[in-house]
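In what follows, a structure is listed as structure tokens, so that the remarks can point back to it.
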Ligand SMILES: *[C@@H]1O[C@H](CO)[C@@H](O)[C@H](O)[C@H]1NC(C)=O
Ligand SMILES: *[C@@H]1O[C@H](CO)[C@@H](O)[C@H](O)[C@H]1NC(C)=O
Ligand SMILES: *[C@@H]1O[C@H](CO)[C@@H](O)[C@H](O)[C@H]1NC(C)=O
């Protein structure tokens, strides 16, 4: 079962391998026929064990003995870190009736036994009569299972007592599931460069609950710098959920336990788990799943079931991605940032009858939320009735609004089109993406931790009016995806900020105008600020302390009436007048500007930092905007009889990524401060880079 294809570079090609992986594995159950009473004791709960407990997954890592393959310490480290985190996470999600005593796995008689007794009238009917001399022990998807984890086996005469060949191993204590882990570069990895890992379940208990499985990581692919730890954890979780029961092969073994998990004697195998609806769509029809999907789509009551992805008639092990895009159990992976452990998937585990599910571990899935019973159908996705889908191939926003996206399709979408994150640099929340924008930023984009993608066709009036040569960036006409800052004000309500603009309330579903810009910005509905975390929620704190806010200084040389010299008091007055003009130009509050001064040689200097409670763009951003507009259009101030103008050629800035200028201009004392801060910035920037995990921008 179970391949999760990471589709790199937007190429939605390649076979789905999960069926092939599944086929290679024979699911083993405990051997009933030859099972003396003590065999059952390790599987069936003893009295007093009728309380579900968090699922204990014990992992065994074996370095794959692949000839000629170099050991891959980096892939190994990343894989094992992900396994550890994922198994811990699953403990908080799934509980089972704990296995009592050591967990022992079964041997496959078809492997160790060459022939069995065939006469139903003999006492040892169907027991092993001839051993397979070539028996090499048991394995699970290529991982060798140690004899210590396995039951023993015997050779039986036609009548009488058996000859013990291998006794039971000691088994594994404190385990409800054994996970064998391999890091390798298998032929499957080789064939599918987008596969992170694949997994299979190999053994079931007497109630058919999965007891053991293997996950194989494609070691070479784990080294990709575009994969973050979180991505590998999500891929691992996806694979383990397959191995724990979310699989086309295992659906038909799910149990119906009307009296709950603790009363397992009343459980029966479910009569129907999947079926086709009138459109031919394959559905998973169990009750919790149907109910959960109805709730998700905002349909009263229940639905017939939740659609499964189908590929060439294979047994489906994934949700239909048109309906449950972004769910952890869809067939394609777009990075951890875009993936949710959704409530419908957790409902499926409840319906398996093997687990008690912690539903508070579910993550909200925005895709299709409240969109009604016809959402995601091939017949409705192209009508423009839902803004989750798009038509054409233009640029817009991925539905989570974290990324810009382009309208695209793939084989799992059956002709429907959605905004997929671009291959590179489309994350609005990554500041480094903004470094690539030219100094000229006609659309006023801001890349920041709190930036989101908005449909907009804004063009800066300053730039369009004052650029002598035609602007290199054409005016936007059709709205496209752009990155702007947002901050939540209430549940469902937010404000936006474009470079140099004040905060503008954005009414969900409406378009707003931004001062200083032509065009409109569209405010998405039902996507941003959904949690009621109070005004100016922590998740959307506009500008918490960023390195760019530390300190900045703006210096302007004024040219005035020739020969006009000013006294100290006059200079103070003039400084105030210049500051007022500057604040007007900036379109922000005065809370950014501190200690304006003018020297006798008419250099105006003001410190820029945000006072507490000062809301708006970062200092660096404001500084950049001001610098730009002052270049385009100098400030002119009247003071008494005189007129002063800022001199473009004499415009100096400090700390705006331009330390050399700073040194020219500033006193030694300030230089020292600047150097210290620059040092601190270097450290902070480094730490930030180390912390910002790179999510793959894939489609
Ligand atoms: C259930 O999930 C929530 C959220 O992940 C977690 O905080 C809580 O500890 C879990 N409960 C149990 C019993 O594991
Ligand atoms: C199992 O089902 C029977 C009949 O429905 C009921 O009487 C009995 O109490 C159930 N057992 C448990 C442990 O719930
Ligand atoms: C922005 O788009 C709207 C329609 O979406 C259009 O009416 C308007 O003219 C556009 N503005 C500019 C400046 O292109």
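Each Cβ is built from the backbone N, Cα and C atoms, and glycine gets one as well.
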Candidate from 149, 159, 318, 334 that Swiss-Prot assigns to the same Zn(2+) site as 238, 242: 318
Of the residue ranges 643-663, 664-684, the one that Swiss-Prot records as transmembrane segment: 664-684
Length of the line joining the Cα atoms of residue 239 (active site) and residue 318 (Zn(2+) binding site), in Å: 11
DSSP three-state assignment (helix, strand or coil) for residue 238 (Zn(2+) binding site): helix
